[in-house]
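Participant: Before we start, here is the structure in question, set down as structure tokens.
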Amino acid sequence: MKHLKIDRADTLQPEHVHITASGLEPGRAYRFDMKLRHNYGSHASYCILKADKDGNIDMRTEKPLRGTYFEADGMGLFLSMTPCEDFAYGGYLRCTPPIPFFYLLRLSDETGNQLDEMYIKKHWMHPLLTRTEIEHDGFCGTLFKPPGDGPFPCVMDISGTGGGLHEHKGAMLASEGFVVICVAFFQFKDLPYKLEDVEVEYFLKPIEFVLGLPYTTNMLGIQGVSFGATIVDLLATRYPQIKAVVSINGPHAQSSYVMLKEHGKSMIVPELDDSKLFFVNTILATAPCFKTLTPLLTEENSIPWHWIPKETAFRLIGSVDDLCAPSIHANLHIQKKLQETGHYVELELVNGGHIMEPPYFPHHDIVYAKFQGFYCGYGGEITQHAKSQERTWANTINFFKRKLGSPPPMPDWVRLQKVDGPLKPIENRSRL
């Protein structure tokens, strides 16, 4: 009998799974198609693998003859998801609330005859977490709490210029045992519509809220990506409650392009030279513009790194193929400034594009930027970017545990042995 097997059909998003097929004709090639359908459309991947002399295929060890990934990798189909025709060009996959991903895996022979299929469930949010939507003292966000009384170290997670609320990174951090608050700061409910109307002081409210909970420690980390990374760098200069910072692919300074207010006034920032931007097949690349900030930085318009308490630790992540921000240039600049001020700083440079997400979040190389009115290039080759996400995420968890203290271990949940799939079936409308 020809069939697929998986060691664990119900797992957290970063957990590896072991997929095999048996009962096949020795030496024949077989096709594996994986489809992910969600509210924003579909992503898909595939590979062609050859059965061994016993009629078995082990995805951990078999190198694809062709497909969306190229080397033997048990998670290759998850790593190499690409958007289908029903996913909006330039769209961004929002996982808010962080509902599980259901993957449909199908096995076919060389003639296209389907032999078997199964669903695989992956959770962005550990099933034993408590998720609470928060509107308190003028700020909006979502709180994720592990089971138990704690005390738990805590993390605040924010995103960049896309607006709204993004919960998938926070849910994954909380799945490691941290209390996490994901914070929206514009284009959400009654919050400002424009980024330049956001006050720095706004972020103190969620900081004080999460540290005031009866089950958190006084050890607070903060994580931001893109301009959110610039914001968390800035917040570390204002709020000594922050003990650990993860800054991912952000410009090394505010600018006339993206800035916040402080005490009701626009902050003093250098002028961005947008004549350096360029287009690749109508896709906007802005990374060179932000490089022009460096020679213009002064004590008045730069981030005052020397204001940050010495005990605050930094983790910087920079992608070598970032088309949106000059991540290597910016992170080397930040590293130098923090070394000069005597701070702990670790820098991880990786092969990828702009947005470094948790593992197996589909890669976005093009995203429509509302505030720019263009399709913005993020860069990155799909599988290299995805492999970098595996590594950077694991290293970020390790960093927070070292600098904030390891939270109590998360208990396991009653995992499904067989996944029946979502209420709305995943359609197999296209093959790559």
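Just so it is clear, glycine is given a Cβ too, placed from its N, Cα and C backbone atoms.
The structure displayed is predicted, hence computed values, not measured ones.
Feature annotation from TrEMBL assigns domain 'BAAT/Acyl-CoA thioester hydrolase C-terminal' to 198-405. Marked as active site, charge relay system by TrEMBL: Ser226, Asp322, His354.
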Participant: Where does the mean pLDDT land for the domain 'BAAT/Acyl-CoA thioester hydrolase C-terminal' (198-405)?
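Facilitator: Mean model confidence (pLDDT) across the domain 'BAAT/Acyl-CoA thioester hydrolase C-terminal' (198-405) is 96.
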Participant: Other than its own, how many Cβ atoms are within 10 Å of the Cβ belonging to Ser226 (active site, charge relay system)?
Facilitator: 25
Participant: Over all shown protein chains, what is the count of other CB atoms within 10 A of the CB belonging to Asp322 (active site, charge relay system)?
Facilitator: 27
Participant: Between His354 (active site, charge relay system) and Ser226 (active site, charge relay system), what C-alpha distance do you get in Å?
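Facilitator: Cα to Cα, His354 (active site, charge relay system) and Ser226 (active site, charge relay system) are separated by 7 Å.
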Participant: Distance check, please: Cα of Asp322 (active site, charge relay system) against Cα of Ser226 (active site, charge relay system), rounded to an integer number of angstrom.
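Facilitator: So the Cα of Ser226 (active site, charge relay system) lies 10 Å away from that of Asp322 (active site, charge relay system).
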